[in-house]
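Taken from Swiss-Prot as is:
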BINDING   ALA146, PRO147, TRP148, LYS172, PRO173, SER174, GLU175, ASP209, SER225, ILE226, ALA227, THR228, CYS280  NAD(+) binding site
ACT_SITE  GLU246  active site
ACT_SITE  CYS280  active site, nucleophile
Amino acid sequence: MQHKLLINGELVSGEGEKQPVYNPATGDVLLEIAEASAEQVDAAVRAADAAFAEWGQTTPKVRAECLLKLADVIEENGQVFAELESRNCGKPLHSAFNDEIPAIVDVFRFFAGAARCLNGLAAGEYLEGHTSMIRRDPLGVVASIAPWNYPLMMAAWKLAPALAAGNCVVLKPSEITPLTALKLAELAKDIFPAGVINVLFGRGKTVGDPLTGHPKVRMVSLTGSIATGEHIISHTAPSIKRTHMELGGKAPVIVFDDADIEAVVEGVRTFGYYNAGQDCTVACRIYAQKGIYDTLVEKLGAAVATLKSGAPDDESTELGPLSSLAHLERVSKAVEEAKATGHIKVITGGEKRKGNGYYYAPTLLAGALQDDAIVQKEVFGPVVSVTLFDNEEQVVNWANDSQYGLASSVWTKDVGRAHRVSARLQYGCTWVNTHFMLVSEMPHGGQKLSGYGKDMSLYGLEDYTVVRHVMVKH
């Protein structure tokens, strides 16, 4: 397994403290990797800053060609990446290979095309004798912090738009799941000029803080927890850096009496438990109208009970383990607190799986109330709650009564209601009669404590640029 850092076009061993990297399906240590030292963090940022002088002036065509080459080598090494992701994250191998690798490749190919379509406003005369032009230019060095739930996917979401816009990047994957990012570094070093992409390894305190606080870093992009986002915003405030935050969610799933119940059950069985629920957009907070509440709970409980947890390399496995022992304990604690309320009923699951690995049973909880912690707080595991509601006004208020604002869905056959409710929901994305679907052409990002800024789409590309005005007197 590739375990070296990429700094200024060279693969080098970390000079800091060694950290274990685990296989969550067994609890065994896969390997130990040395963190980047403070000096190596500084070297990576300075390499990116030096490379920006030339990379920032390249044509969109040149940047697009590099991104397309990177997409091709990821596709060619898809099985290798999927196996690394499966071993390091516990993802079912077939899901990593069939779902995630093609989407990752598409992200790089989309931004390769988008790079050639990013334009400023056409020239115009707004003052006599002067011509004004609007430019969209790269910012410089971007520090990108990727999470542990989709290590390679989130690295792609951050690298592709930043590079397409002409920035240079220092990427720090999570210390829990670094293996695919380090493998990506090995392949990228022969495609991009030295210093354009740098990849480090280490914890937030030892590597993340000196990286995000570095004076030559002009932008920090994070996908992570609210607590981490708060820390980075505070940490970078003295240097007034641009920040781009995707900080989690608690997606409301509003099911009206006229919804197609079979479609809801099929959708939540898939979209509520994908990646063992370790996804900020999962369908985890169901609001079911009183006319279909009992039927939905019964049918969904039966469906969730058929989900198979197992070894990641088993083709029949639908749910792998959680990412770490610490996270398993957090998920377990959240469910135990829900049970202790007395009014929440465990329909299925509700316990750790016996044996090795960090497995938690797919869980459905019914009878949850609006103010319950299981409704208000992100669990980030295979846990879905169901809350009964009376009418449209009530459920819209409840759905919006959340610190999160990332994703939501509405299930109804009434087109007017679908439009009406979607317009009132305070979420970055609202799906109607589906959930969880993402495409490279459409933006992904939240409101409120879910953060700000967009991933994917032309809006995502614009987030990695600065708008400039050039005026010429003639």
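Just so it is clear, glycine is given a Cβ too, placed from its N, Cα and C backbone atoms.
Annotated features, which come from Swiss-Prot, shown on the structure.
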residue: ALA146; record: NAD(+) binding site; Cβ contacts under 8 Å, 6 or more apart: MET154, ALA155, LYS158, LEU171, LYS172, PRO173, SER174, ALA181, THR223
residue: TRP148; record: NAD(+) binding site; Cβ contacts under 8 Å, 6 or more apart: CYS89, SER174, ILE176, THR177, SER323, SER324
residue: GLU175; record: NAD(+) binding site; Cβ contacts under 8 Å, 6 or more apart: GLN19, VAL21, GLU35, PHE201, GLY202, ARG203
residue: SER225; record: NAD(+) binding site; Cβ contacts under 8 Å, 6 or more apart: LEU247, GLY248
residue: ALA227; record: NAD(+) binding site; Cβ contacts under 8 Å, 6 or more apart: none
residue: GLU246; record: active site; Cβ contacts under 8 Å, 6 or more apart: LEU222, THR223, GLY224, CYS280, LEU406, HIS444, GLY445, GLY446, SER450, GLY451, GLY453, ASP455
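Counting every protein chain shown, the Cβ of CYS280 (NAD(+) binding site) has 26 other Cβ atoms within 10 Å. The number of other CB atoms found within 10 A of the CB of PRO173 (NAD(+) binding site), across every protein chain shown, is 27. CYS280 (NAD(+) binding site) falls outside any helix or strand according to DSSP and counts as coil.
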